[in-house]
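According to TrEMBL, the protein has these features:
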type	residues	note
TRANSMEM	B:20-40	transmembrane segment
TRANSMEM	B:78-102	transmembrane segment
TRANSMEM	B:108-128	transmembrane segment
TRANSMEM	B:165-187	transmembrane segment
TRANSMEM	B:193-215	transmembrane segment
Amino acid sequence: MQIDWLTVAAQILNFLILVYLLKRFLYKPVTAAMAQREERIAQRLRESREREEAAEHEREHLHERLQRLEARREAILDQAREEAEAEHRRLLEQAREEVEQRREHWHEQLRQERRQFLEDLRRHTTEGFQALTRRALRDLADDTLEDSMIRTLIRQLPELEQDTLGDLRTTDRPIEITTSFTLTDAQRQTIEGAVQRHLGGAAELEYRQSPELLCGIELGCGSRRLGWTLADYLDRFEDRLGAALDADHAVAEHAAAD
Amino acid sequence: MTISPDQILLWQWGPLHVNATLAFTWLIMALLTLGCWLVTRRLSTGPEMSRWQNLLEVLVTGLREQIREVSRQEPGPYLPFVGTLFVFIAASNLLSVLPFYLPPTGSLSTTTALALCTLIAVPLFGILHQGPLGYLRHYVQPTPLMLPFNLIGELSRTVALAVRLYGNIMSGTVIVGILVSLTPLLFPIVMQLLGLLTGMIQAYIFAVLAMVYIASASAERRD
């Protein structure tokens, strides 16, 4: 076991040189490379974290935008629904008004037609009645319609109440004889005779011809009226017919409403 | 029988001479420097790297981790000294599988040189960390009476470092030499394999102990 001090000194020198060489060629470059790699990895991690944060931010932004769009879509849909509802109500109201107008128009038309129909009926009935009565009277009693009407008037005179007779006697106004036809002189005389007989004295008669009576004769003084007219019959007939038509119309409307 | 490579003289000029220890040390130095230069001249800082760079990075990382574990300090300042101790002793011992090679660590001169380096490095690092007074104070602790014992301890552990490494490596060489003369075929090979293991363990022990001494000298401030 010997120690060669020269070798020891040389080995110390060798070792120090080796320390320097390894530091120069091994530790320094390898440590630097590892540090650089770690730095790069850290840098990449930072970048990836930043990218992730950016992506997250973007995702949140898109999410918010999506929600806004969704809300806006809902609002637009609501508005469209309201508008559609309003339009629906408006159209319904318009249709109802139109139906109402048409019904009104139809009713008006119906009333006009009824009026027209009644007028036509009245005219045709009058004409038919006149023709029929004339013929019947001529065939049966060898009489005229006008004479029959005058006789009916004369027959009704005694039925006048005493008050009325008194009023007629005392009045200074002429007694109106209204006819639908032209009275012959003989007929006038018959009437005058009958009136004077009942009123007991000379009465002033005034003759007038009116198509309103249709067919008939009427004695009138002031508000008093006496006689026979087809217009009276027809008025009553028209009233009844009108009532019947109204009843039918009411039933039809009720059925339509159900 | 040649026990120490110091005794093999290769060149002599007056008192100066070059023996096998120095020659093999230069060989190891040349191999290590050349290898490191070849690998580290094109270092990759990306994820892709050569297997040699990977080997060196594993080595350096392992050394740094060991130093950090032992000293509980940043390994930066200690790495060149302690790392070189380990690398040099490990390379010197591993190459003993080569024929006609004698490990320089089998020379007491080499191990003494390394132990002396450690002996000097310990106070150097201590002073570097704590200042001269701070370092010298720990020789008189816990009491000034302990000063001679502390000094003796300092020297004896240096001697122990040198003799432990020398003894282990030299004995391995001696045992193989003896066995070759007795059973020349299989047994020396097994012993040489065992020598590889012993060599690595001795390199580790030497480096770690050096680190422990340095750390104990430079850790006072933390306490």
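Heads up, the Cβ atoms here are built off N, Cα and C, so glycines get one too.
Those TrEMBL annotations? Automatic predictions, nothing curated.
Ranked by the number of CB pairs under 8 Å to the transmembrane segment (B:78-102), the listed stretches B:108-128, B:165-187, B:193-215 are led by B:193-215. Nonlocal intrachain contacts for the transmembrane segment (B:165-187), taken as residues 6+ away from its ends with a CB within less than 8 angstroms of a stretch CB, comprise 1, 3-4, 89, 93, 96, 102-103, 105-108, 110-112, 114-115, 194-195, 198-199, 202, 205-206. Beyond its flanks by at least six residues, the transmembrane segment (B:193-215) meets 66-67, 70-73, 78, 81-83, 85-86, 89-90, 92-94, 96-97, 103, 105, 114, 118, 121-122, 125-126, 157, 161, 164-165, 168-169, 172-173, 176 of its own chain at Cβ-Cβ distances under 8 Å.
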